[in-house]
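Sequence annotations record features per position, and here TrEMBL assigns domain 'C2' to 79-198, 216-337.
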């Protein structure tokens, strides 16, 4: 091993024969020709001094880049903006902590955009918390914290709603879009801070997003996904539109029941939260069913939209069944097959509701 005259220093065997440049005080460093050089493993030096350490190379920042966050770059066609927020629940103080992080790619009605956000904890429509207004930006960064007092017993029955507004020069408010997020299926604990993003939707989305008129009984939109590794069938009930409510009032509640069948035999069902008084309810709720891959040829899913009025019998507004060739045809069969052909992907489609069993 070669050593410098004045500073205890070891040149490892792998670096012998390389070019060195002289520095002041007779120190030596390797020229920056190979920043990825890693010494071969060998016996450690027994010197009890600086002689036991040596410089391997410089840090290359390119090696430490995080994987690209697709939520920042992949925006679907017709997107009107995307909102990021986080939620956390403090059990002891019974406080729901909501952090409004940012909104990206807003589509304002005018050239400039000065956005702010109102946050509701439904079903309370009367009170809300409001962010600061960000001046002249389509990509506002908020980083603001909000607190809602809500008991742990009631928490999972509540729904967060974010309304994003633009303030024009005349101080008028224009609604740019909304995010509705039910807390029903979330695991909220003191040490579990969830960071979530959702695309904005128009409040009158049934007019804006759907070119064709509703079917006779209305339509339902949901996503299907099958994870063959976990043997899990997932349904995301997104929304319904054009429902023919028997009585349009706030007393009417509308919910969706998702039932898993096998050989037409009932296996299990799950229900969304009820939405009050709307023929165009938004749910955004996710349900999973344990389903073995061998059962996909004989299993089916039934989604029933039901209306209930206090003190009266529940009324079926419409129903759709998706499944294999044994039970379905047309769009319902196509949706099921696409789910199987794209494992782990969420496949989203609209379906017309009907009354046949």
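A Cβ is built for glycine as well, from the same backbone N, Cα and C atoms used for every other residue.
Just so it is clear, the model here is predicted, and its values are computed rather than measured.
In terms of DSSP secondary structure, the domain 'C2' (79-198) contains 4 helix, 62 strand, 54 coil.
Residue counts for the domain 'C2' (216-337) under DSSP (helix as H, G, I; strand as E, B; rest coil) come to 11 helix, 67 strand, 44 coil.
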